[in-house]
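Below is one structure, written out as structure tokens, with a few remarks after it.
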Amino acid sequence: MQLISILSLLSSLMCSLTVLGSSASSYVKFPVQKLADIINICTQDVSTVFKRNEVLNTTVINGIGVYVVKMEIGTPPQTLYLQLDTGSSDMIVNNADIAYCKSMSDGSDYASTDNYELTATFNGLPSTTISSEAYNTLCSYWGTFDASNSSTFENNATFFNNTYGDGTYYAGTYGTDVVSFENITLNDFTFGVSNDTIGNPSGILGISLPIAEFTDGIEYALALNRTPFIYDNFPMELKNQGKINKIAYSLFLNGPDAHFGSILFGAVDKSKYTGQLYTLPMLQAFNTLGSNPGMIITAQSVAILDSESGNKTVSDIQFPVMLDSGTTFSYLPTEIAEAIGKSFDGEYSSDDQGYIFDCSKVNDTLLSVDFGGFNISANISNFVTSAKDRCVLNVKQSESTYMLGDAFLVDAYVVYDLENYEISIAQASFNNQEEDIEVISDTVPGATPAPGYFSTWVYKPGSPIGTGDFINVSWTSYSEFSQYKSLLATAAQSDDASSFSSSGGSSESTTKKQNAGYKYRSSFSFSLLSFISYFLL
């Protein structure tokens with residue numbers, strides 16, 4: 001297969017990004033479609049593929065960590081395809097004149113490149129690795145934004161910049177414009193236009209908490225004793241402009257072999273999970289800003305479930321973890337990653353950045369995480385890639401940033417409540433039952449506090465982001481927790497751990513840990529490997 005044919009295949013992908021459906025005033029639905037299926041339906045009548053209903057149906061593509069949504073920006077509208085990311089908060093688009101994309105627009109930098117190789121996933125799905133130079137040419141496929149061609153764009157001259165863990169970089173200024181998808185329109189929507197990009201030919205639609213927005217640097221602004229520029233991002237504007245009732249969304253990736261998943265803004269689909277939907281509080285991540293937490297929860301322990309040996313706990317270390325659909329791999333504390341690797345008699349390979357082991361050991365093994373009285377289990381094969389007779393376990397070691405990516409989330413149903421600062425989780429159901437959607441008006445319908453809701457790691461105010469002291473607080477009632485939350489803003493102004501004490505018998509102990517305060521992005525060489533793999537089914 002020639003490299004150019006792969007890029008042509010990516011071009012054919014875009015023909016299927018047709019937006020169908022209608023809107024409702026209470027919730028918005030984004031079906032998640034996998035890339036292999038898009039190739040198959042490209043020549044079909046789309047009306048036979050998508051079910052039209054009373055909610056917004058926007059095609060979103062799942063490429064193992066890459067979710068793509070079609071957006072129209074400006075007047076007249078310019079079409080872009082943005083990566084949907086639950087781990088960041090800004091909508092960022094690349095400027096049409098950006099040097100990073102413009103220098104490769106003629107394809108001369110990749111036409112003679114054949115730096116790619118075929119590999120395979122554990123399930124036998126073929127995949128392809130392409131050089132980053134070739135991937136950069138995809139700017140034209142994702143689309144760029146020309147602000148000078150939009151009569152409604154206004155630049156507010158507020159600077160932003162951000163560097164991800166793999167070196168991916170954006171820098172530019174914020175502005176406002178009209179954004180639409182199907183018959184949903186957001187007016188005066190704030191987003192960033194990147195004038196300097198490294199390593200990312202696409203834009204991003206971040207849907208995390210606004211506290212994680214790039215802006216001109218939160219810590220920098222506070223150091224200068226000025227209020228940081230924090231704006232209402234995409235989920236917030238959906239509520240502000242009457243599209244949803246609650247700033248919350250549920251994520252369902254569906255099984256590895258399924259055709260569709262979904263993201264529901266402002267609602268929960270009870271048919272997409274089995275068992276109880278349990279709720280956990282988000283952890284305090286940005287201490288210098290008072291009581292605002294980050295989209296991080298507590299993992300109590302990790303176990304391996306094997307049909308032969310049963311339940312085997314590999315670690316009972318508590319750690320803060322982000323459930324991040326924008327990350328393919330999982331990044332766990334080094335001692336936990338080592339314990340998981342050794343449970344398969346694996347040997348760590350620095351070249352593969354993972355544990356190498358005999359593929360026969362996978363079988364029906366599950367990776368199970370205890371989140372505080374309930375467990376979510378994911379098939380270990382989700383974390384495994386294979387080459388010849390060896391398997392690589394893609395559970396990465398980390399000293400500071402802990403994340404469970406989409407290899408784990410594919411087996412979970414997750415509801416992110418950005419107003420109540422809570423995350424609800426259940427085991428995903430793949431029974432293809434009829435939708436049972438319920439609007440989120442206050443708390444998440446059907447969810448109940450986890451047994452370990454009040455025994456969770458929280459951050460000590462005043463600790464630097466990235467490292468810091470955590471305080472294990474055991475609460476006995478919601479009223480106590482409410483008292484605790486009201487004290488956070490005051491406690492944030494001092495380094496006094498006693499400010500966390502509450503009446504009613506709560507207890508606390510302090511342990512030095514690393515937090516998950518930074519966003520980490522998988523390298524684009526692997527993202528492309530995953531991205532292409534679905535085309536080749």
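Every residue, even glycine, has its Cβ placed from backbone N, Cα and C.
Going by Swiss-Prot, these are the annotated features:
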- ASN57: N-linked glycosylation site (CARBOHYD)
- 67-426: domain 'Peptidase A1' (DOMAIN)
- ASP85: active site (ACT_SITE)
- ASN149: N-linked glycosylation site (CARBOHYD)
- ASN156: N-linked glycosylation site (CARBOHYD)
- ASN161: N-linked glycosylation site (CARBOHYD)
- ASN183: N-linked glycosylation site (CARBOHYD)
- ASN195: N-linked glycosylation site (CARBOHYD)
- ASN311: N-linked glycosylation site (CARBOHYD)
- ASP324: active site (ACT_SITE)
- ASN363: N-linked glycosylation site (CARBOHYD)
- ASN375: N-linked glycosylation site (CARBOHYD)
- ASN379: N-linked glycosylation site (CARBOHYD)
- ASN472: N-linked glycosylation site (CARBOHYD)
- ASN515: GPI-anchor amidated asparagine (LIPID)
Within 10 Å of ASP85 (active site) by C-alpha distance: pick out those among the recorded positions ASN149, ASN161, ASP324, ASN363, ASN375, ASN379, and say none if nothing qualifies.
ASP324
Where ASN311 (N-linked glycosylation site) and ASN363 (N-linked glycosylation site) are concerned, what is their Cα separation in Å, rounded?
15
Please give me the CB contact count at 10 A for ASN161 (N-linked glycosylation site), counting all chains in the structure.
15
Using the alpha carbons only, what distance in Å do you get between ASP324 (active site) and ASN379 (N-linked glycosylation site) once rounded?
17
Winner by Cβ contact number (other Cβ atoms within 10 Å) across the glycosylation sites ASN149, ASN156, ASN195, ASN363:
ASN195
Within 10 Å of its Cβ, which one of these glycosylation sites (ASN183, ASN375) has the largest number of other Cβ atoms?
ASN375
If you count Cβ atoms within 10 Å of each one, which of the active-site residues ASP85, ASP324 comes out on top?
ASP324
Rounded to a whole angstrom, what is the C-alpha distance between ASN379 (N-linked glycosylation site) and ASN149 (N-linked glycosylation site)?
48
Number of Cβ atoms other than its own within 10 Å, given for ASN379 (N-linked glycosylation site):
20
Taking just the CA atoms, what is the gap between ASN149 (N-linked glycosylation site) and ASN195 (N-linked glycosylation site) in Å?
16
